[in-house]
């Protein structure tokens, strides 16, 4: 199969490497300088250093060239640039099947990636979302991982899941597109909180409590938006949440740890050098929670630290001072 992967960040590069084992892959980046580096070094020194890029992967910077022979497209651009990329794509080929592999809410509209597709593409478009616990470096290295591919077209989801699985990558299929995307977006917010907790050395008990109560927030918001409860106990819910809140490769957890050390966001983000979606997702998630009247104390605490300049210690104390209710509320 001819597959185009749009976005040459860490995750896009890892997917391209993984998919190239069974398919003809074209990797697209709009950055001409980055393309030249990829071609010269055959590694993504900016985002996935020391990981060889197979010679079979075709590199392009023209979107028209990336889509020319593609039978399937993986869209792996940051959510901030998703709508613009989709608008360019639909003008070139409005019927090419899409797989969204980006996580977050669109800034300003609070739309999920699948909802942005619905606004840009004809209703007939075949679209799926790919998510789950997966650090890019480990996937690129061929270490075992499991993901979920969800689509309203369940036949399409099963077909693509079978096409992209490898000896080390297990891909399940499903139909809860909203639930999968909410889990993938909000886990980054909870991971910032977990990083703050770890940075302050609150210990394992506190981290476990944060993950568990964070999952409750994800589930409440996800169900309010139309997701299924069962999804949040699966790979794209608790699975992705555990990984992002505990793994040392988690950029969002790292942001939290640096905040706990007294660092300012303005200096943290350039140092990390990658898009850290949780920083932007928390604004939209907090706004959604307010509008839908959903209790989201962990999200609120992260929002207050990042955007209301509330000191970390005060935000934590405010959480601890909350009157506990029934666990299942």
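Each residue, glycine too, has its Cβ placed from N, Cα and C.
103 is the only one of 103, 111 that Swiss-Prot places in the NADPH site (with 11, 30, 136, 251, 275, 277). Considering only the recorded positions 187, 240, 250, the residue whose Cα is spatially closest to the Cα of residue 136 (NADPH binding site) is 250. Annotation for the binding-site residues 30, 251: lowest Cβ count within 10 Å of the residue's own Cβ, 30. Residue annotation for NADPH gives 11, 30, 103, 136, 251, 275, 277. The furthest Cα pair among them is separated by 23 Å. Cβ-based neighbour count (10 Å, all protein chains) for residue 132 (sn-glycerol 3-phosphate binding site) stands at 23.
In the three-state DSSP scheme, residue 275 (NADPH binding site) is classed as coil. Sorting the binding-site residues 240, 277 by the number of other Cβ atoms within 10 Å puts 240 first.
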